[in-house]
Each structure stands twice: as C-alpha cells, then as structure tokens.
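Colleague: Below are the features I grabbed from Swiss-Prot:
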type	residues	note
REGION	1-120	region 'Disordered'
COMPBIAS	13-23	compositional bias 'Basic and acidic residues'
COMPBIAS	36-50	compositional bias 'Basic and acidic residues'
COMPBIAS	71-91	compositional bias 'Basic and acidic residues'
MOD_RES	104	phosphoserine
MOD_RES	110	phosphoserine
MOD_RES	112	phosphoserine
DOMAIN	146-314	domain '3'-5' exonuclease'
BINDING	163	Mg(2+) 2 binding site
BINDING	163, 165, 301	Mg(2+) 1 binding site
C-alpha cells in the first residue's frame, strides 16, 4: 500500500527561511607543506599554492568569506636583500622644489655641508725675531725703542698685537701676570717677563696707552682687567675703550656669529693651524728663563694676531668698496634684498637679477 502513496512536499511557513543544503565539492584534499626558516621565497610560494583550495568554502549555506591578508613569510635574508635594494634605488620624491641653500649648492656643484671633510691646515711657522727681556731696565729700554718707532709712523693708527701669560694651578687658581708679549711688525715679537718686577716701567705703560697704538687680541679686555689687578699703575678702562677684540671684529666684517678662540680664528681667517700644546699653555710662566717652546708659543700668539688684524682690515676695506659699487649699479633696493639673502659683499658682485 505504501508504494502507491505519493509523498507531497510540505510547504514552509511564511516566517521560516528555507535553508539551502551546503554543497561540498568532493575532491582529494591537498596537504599543506610545513614552512621552515631556510625556505627560499620561491619554495614558500610553491608550498602555499599546494595548500590552497580554489573552491570557496561554505558553511551552513553561507557564502565563504574572502581569504584574509596573507602573512609576510619573507626570510631574514630576503628582507635584507629588499632593504639593500631600496637603499641603492630610493624612491623619487614627489616634490621637485629646492630650498635656496640646496639650489645654490646644486648650481655651484659644491658638496653638501654634511659631506664636507674637515680641511687639514698647515701649522704656523714663525721665522721672525724674538726679543726676550726679564729685567726692569731692559724692558724699559725695549719699550722705549718701540715707542719711538710708533711715533715715527705716518699712519694715524698703529695696530699692536697684545697678549699675556700667567701660571695656573687647580689648587690655587691663576697666578700673577707673568709675561706680556707684543707685536707691531710681523718680523719681530717682544716678550717681557714680569717675574722680577714689582712695578711696570713707566715707558711700557705709556706705550700701551699711546694715542696712535691700537691694541688688539682675542678676549683682550679680560687681559687688561687682570693686568690692572696685578699692577695698580695700569688703568684698565682706557685700554678697554680703545682696544679691538678680533673675534667681535670678525663677526662684524664676515657677518659670522658666536665666540671665537685665537685657534679657531686662525683656522678661519689665516687658514693656519696652531699647536696649542696643553703642556706649554699650562707651564710655569713665572720661572726664569722661559724655554724655547714657551718663547715660540708666546711669539706665535701675537704674530698670528697681527696677521689676522691685517687680513680683517683688508676684507673690511674691500667690503665697503664692493657695497658702494653695487649700490651705484643696482640701487638701494637691490642692495637691501641681497643683504636679506645673506650676501656679505666680501667678494665683488657686478649686477644681480631679482
């Protein structure tokens, strides 16, 4: 009887959602190979393809979700190769704009400041005379000779390099002023050791206070203050008012900034290197007699000071001439624009296009 019965499909209720039977494609499952650290990128790709199934997975009648982002399985060796390749062939920048500094370096072909190597400068070699005195009467006679030479000069200003030395101890601090060195001519330096002097000779005081003498040095004002403390017959203020600090003058002429030491100023202006030996610099300057190293050290300090003064004087005169010529050819507005751009006018500029 049952074979004559017809099975009718049962209609589902309106609220029920028909469920589709999940269809699973029959096939031979692929076994995914195990990944090891020593696998090359090609082997990793083959192993990955071997374990993939192109049929989207379905669960409970839902369509399979797309596979997630594949993990980076690059080996350390592969990563190193990629990094090296990127460093050799860096990506191009989108912007082609150049700053003013990079544009000028590109046009001039000059290397960037980061790649510039420090220039090796030759050491100073002083071959002039060194006149060294330790007794009061000898110092007075020498100072009188220099004073007479100054008065014979036709120039209104006679530059004189001035420097001092004194002993220093970390236990007791700075000692009394022991040495004064001066230079009015690059061919001769005078070194006066003050150890045996209770008072400076009057002619030496007159020399450094002479109206035509322009004393100059690096941080020279502090030297005058110390000299006045150690020898009351010296007044520091008149000397400070008329002296020239070479570091300050360099900033004005070359339009640089910061504080200068004599060594750095020598590198920058004279293009020379100084042998600032700590052994000599911290030596016993009050002990008579000074040795050859001390004498050469003291002489070079004032000799190179005179060289720097002459060079700054030359640059200042050239700068004034270049500025006046530029104003005549291009006008005041162009001159101000060039100064705003950082032009120092130490070299000649005929015309400019703005």
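Counting starts with 1 at the first residue shown.
Yeah, the Cβs are placed from backbone N, Cα and C, and that goes for glycine too.
Help me picture these features in the structure, burial and contacts included.
Modeller: Long-range Cβ neighbours of residue 163 (Mg(2+) 2 binding site) (same chain, at least 6 residues apart, Cβ-Cβ under 8 Å): 180, 181, 182, 217, 220, 223, 298, 301, 302, 305.
In this view, residue 165 (Mg(2+) 1 binding site) is surrounded by 24 other Cβ atoms within 10 Å of its Cβ, with every protein chain counted. Residue 165 (Mg(2+) 1 binding site) carries a strand DSSP state (E or B).
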Colleague: Around the recorded Mg(2+) 1 site, report the further residues of that chain (criterion: Cβ within 8 Å of the mean position of the Cβ atoms of 163, 165, 301; site residues excluded), sequence-ordered.
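Modeller: Surrounding the site, in chain order, are 164, 179, 181, 297, 298, 302.
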